[in-house]
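If you check TrEMBL, you get these features:
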type     : residues : note
ACT_SITE : Ser220   : active site, charge relay system
ACT_SITE : Asp346   : active site, charge relay system
ACT_SITE : His375   : active site, charge relay system
DOMAIN   : 140-381  : domain 'AB hydrolase-1'
TRANSMEM : 25-49    : transmembrane segment
Amino acid sequence: ARCPAMDWQVLTRELSLYLESQVRVGLFGSGVGLSLVLGFGVAYACYYLSSIAKKPQLVASNDRFCRFLEEHCPVVTETYYPTIWCWEGRVQTLLRPFITSRPQVQYRNELIKTADGGQISLDWFDNNGSLYYPDASTRPTVLLLPGLTGTSKESYILHMIHQSGTLGYRCVVFNNRGIAGEELLTPRTYCAANTEDLEAVIHHVHSLHPSAPFMAAGVSMGGMLLLNYLGKAGRDTPLMAAAIFSAGWNVFESVESLEKPLNWLLFNYYLTTCLQSSISRHRQMLEELFDMDLVMKARTVREFDKQFTSVMFGYPTIDDYYEDASPCRKLKSVGIPVLCLNSVDDVFSPGHAIPVEAAKQNANVALVLTSCGGHIGFLEGIWPRKCTYMDRVFKQFVQAVFEHGEKILSV
């Protein structure tokens with residue numbers, strides 16, 4: 001994207017003449033500082049409009065899917081204007097949890113049992129006051145999957161529920177084992193590759209409301225888990241469609257990016273401590289199978305996964321786990337419409353690892369790639385407290401599927 005009818009040479013010459021004249025006047029008492037600020041502002045605005053604010057790249061091989069998105073989810077074809085003072089990927093990633101608001105949501109908690117004797121915590125937003133869908137049996141339902149150590153309390157989940165609530169839909173949040181306050185009943189937590197718990201949750205939710213339209217949305221690791229499930233299930237799923245946000249497509253590339261010195265300092269070490277904190281409460285249960293002292297010495301996500309996650313789920317090596325956890329290897333088998341939003345400056349999911357060519361081979365898949373946005377960032381507006389670009393994509397796509405889905409469900 002470029003500034004409309006912009007001629008850089010003319011702009012530069014006129015700006016130089018303007019500043020020159022102001023400096024001459026300034027010698028006699030006028031404010032040179034204001035002129036310099038104005039000049040810098042003009043230059044920055046032009047840089048922002050020419051290099052930062054861009055339309056996302058829409059990757060989809062199916063013309064029908066593209067037309068569906070253009071008509072019913074137009075946000076994916078419009079220019080994304082990142083927050084003008086906060087567009088760099090790392091900064092967006094760091095600031096979003098602190099700067100975005102947290103809508104109030106009243107949950108109803110449900111604990112369901114699993115085949116191995118464990119339990120899963122589900123947080124329901126029933127939306128019984130829905131004016132558009134007063135009949136609970138047919139009220140559209142959105143299953144939400146948070147990120148690696150996230151729960152139903154994450155701001156991005158609360159915003160998704162708020163967006164869904166205004167449309168009259170019901171939401172249920174799938175909290176991974178052991179991180180939402182419930183006890184571990186067996187020495188097992190979760191990972192991005194094992195879809196058994198997600199399969200149990202999808203079956204449970206669908207059995208409660210078999211006549212309700214049903215779709216899912218996953219964020220970060222939640223998106224990876226959802227993609228891995230869809231790659232395994234193909235068309236054999238009660239889900240109509242799915243939305244994926246900031247998924248790590250290739251785990252090898254993700255951990256390598258996160259191990260670069262600056263990224264380790266800003267993200268990797270903190271994320272590792274979050275993982276350790278999430279299991280420390282269950283130490284007595286987990287010590288039956290793991291050397292917890294060794295697990296707690298991990299200083300990177302890779303070290304944690306090597307000592308804990310890959311061992312828990314029976315992988316011979318960490319490379320075997322990472323290969324199985326990478327959704328890029330299963331994209332060709334996805335059998336329902338899926339919209340995936342990524343930013344190419346996401347250090348958790350590097351742009352070069354996004355499977356653009358594989359997506360073109362599956363008519364059910366559409367990728368939306370922004371040049372800025374970071375990891376679950378996508379901030380926009382001067383003071384980005386409320387709705388993000390990601391929230392708008394979520395709202396429009398969910399509404400499109402539930403209200404116009406017949407146009408793509410036969411793809």
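Using the three backbone atoms N, Cα and C, a Cβ is placed for every residue, glycine included.
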Along the domain 'AB hydrolase-1' (140-381), what average pLDDT does this model show?
97
Distance [Cα-Cα, Å, rounded] between Asp346 (active site, charge relay system) and Ser220 (active site, charge relay system):
11
Rounding to whole Å, the Cα atoms of Ser220 (active site, charge relay system) and His375 (active site, charge relay system) are apart by 8
Around Ser220 (active site, charge relay system), how many other C-beta atoms are within 10 angstroms of its C-beta?
26
Check the active-site residues Asp346, His375 for other C-beta atoms within 10 angstroms of each C-beta and report the one with the most.
Asp346
